[in-house]
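Novice: According to Swiss-Prot, the record shows the following:
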type: BINDING; residues: H69, H109, E145; note: Zn(2+) 1 binding site
type: BINDING; residues: E145, D179, H216, E261; note: Zn(2+) 2 binding site
type: BINDING; residues: H182, D229, H231; note: Zn(2+) 3 binding site
Amino acid sequence: MKYIGAHVSAAGGIELAVERAVAIGANAFALFTKNQRQWHAPDLTAKTILAFRTACETAGFLPEQILPHDSYLINLGHPEPEALEKSRVAFIDEMQRCEQLGLCYLNFHPGSHLKAISEEESLRRVAESINIALDQTQGVTAVIENTAGQGTNLGWQFEHLAAIIDQVEDKSRVGVCYDTCHAFAAGYDMRTEADCIATFAEFERVVGFNYLKGMHINGAKCTFGSRVDRHHSLQEGNLGTAVFEFIMRDSRFDRIPLILETVNPDIWPDEIRWLRQLG
């Protein structure tokens, strides 16, 4: 079974994200559990936690169908000690919020070296940050997202993801979210079935499908290998549709959240229906 949905708004209360997912015909969804553009957020109340858990249970969403995303401010590979510590504290808080809500994943961008330290050192800091967070939480898997490689962002090469995972002590609580637009921008071709076979074989060789915990299903406004992060609707842009057909027909992508972050929320119901028809 394919779990397909979108990153829906949690405005007005995180339990409303569940209603919005149901409204677009989704059986998966992503959300922010706090304002993603602020460092601090009020603690979750018992009332909020109960409302969210009840909404999920009523709508039939299991934890493995939900892929929460952390704040964009967090940089777990930051070169400066004070800024790194600030990011780590915020990341632990995000993990704890997921734990309170009964969620099993937290999706995040690995971080940036900001041209101040080496890639290797920044990747080491990301892994160390994950280890610290896992020690202080239970039941939540840290899900590293591949990036487009814009600026000094790490995570655009499969080898970056593998290097982080290799240094995480509890391998059972680390995973990867594969973003189709980001991979295309980073130079991983998926424009034909043959391209998909080759790219996902490389993913299996370098990272491993056992670590794949979710996907972001996005078209690409950016050009191939441009290292620029620009999403598009599924049937528009430069990526084409072969990869979406490939994903929908391959059982390796079953039972993980397949999350739209495409540019027009008005057509999310149509895009979800279209993806289901491909399978």
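Including glycine, each Cβ sits where the backbone N, Cα and C put it.
Model, not experiment: these values are computed from the prediction.
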Novice: Consider the binding-site residues H109, E145, D179 and say which one has the Cα lying nearest the Cα of H231 (Zn(2+) 3 binding site).
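Specialist: That would be D179, nearest by Cα distance.
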Novice: Measuring Cα to Cα, how far is H69 (Zn(2+) 1 binding site) from H182 (Zn(2+) 3 binding site) in Å?
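Specialist: Taking the Cα atoms only, H69 (Zn(2+) 1 binding site) lies 16 Å from H182 (Zn(2+) 3 binding site).
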Novice: List which of the binding-site residues D179, H216, D229 have their Cα within 10 Å of the Cα of E145 (Zn(2+) 1 binding site), in sequence order.
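Specialist: Candidates kept after distance check: D179, H216.
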Novice: Which residues in the same chain, at least 6 apart in sequence, have a Cβ under 8 Å from the Cβ of H109 (Zn(2+) 1 binding site)?
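Specialist: The list for H109 (Zn(2+) 1 binding site) reads Y72, I74, E145, T147, N153, G155, given in order along the sequence.
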Novice: Does DSSP give H216 (Zn(2+) 2 binding site) helix, strand or coil?
Specialist: strand
Novice: Given H182 (Zn(2+) 3 binding site) and E261 (Zn(2+) 2 binding site), what distance in Å do their CA atoms have, once rounded to a whole number?
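Specialist: About 11 Å separate the Cα atoms of these two residues.
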Novice: Which three-state DSSP class does H69 (Zn(2+) 1 binding site) fall into?
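Specialist: For H69 (Zn(2+) 1 binding site) - judged by DSSP and reduced to three states - the answer is strand.
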Novice: Relative to the Cβ position of E145 (Zn(2+) 1 binding site), how many further Cβ atoms are located within 10 Å?
Specialist: 21
Novice: Give me the sequence-ordered set of same-chain residues, not including H182, D229, H231, with a C-beta within 8 angstroms of the centroid of the Zn(2+) 3 site's C-beta atoms.
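Specialist: My list of surrounding residues reads T147, A148, D179, C181, A185, H216, N218, A220, C222, R230, E261.
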Novice: Near the Zn(2+) 1 site, what residues other than H69, H109, E145 in the same chain have a C-beta no further than 8 Å from the centroid of the listed C-beta atoms?
Specialist: D70, N107, F108, V143, I144, T147, C177
Novice: Taking just the CA atoms, what is the gap between E261 (Zn(2+) 2 binding site) and D229 (Zn(2+) 3 binding site) in Å?
Specialist: 12
Novice: Are there any residues at least 6 positions away along the chain from D179 (Zn(2+) 2 binding site) with a Cβ closer than 8 Å to its Cβ? List them or say none.
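Specialist: For D179 (Zn(2+) 2 binding site), the qualifying residues are E145, N146, T147, A148, M215, H216, N218, E261.
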Novice: So which of the binding-site residues is most packed in, judged by how many other Cβ atoms lie within 10 Å of its Cβ, out of D229, E261?
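Specialist: That would be D229, with the most Cβ atoms nearby.
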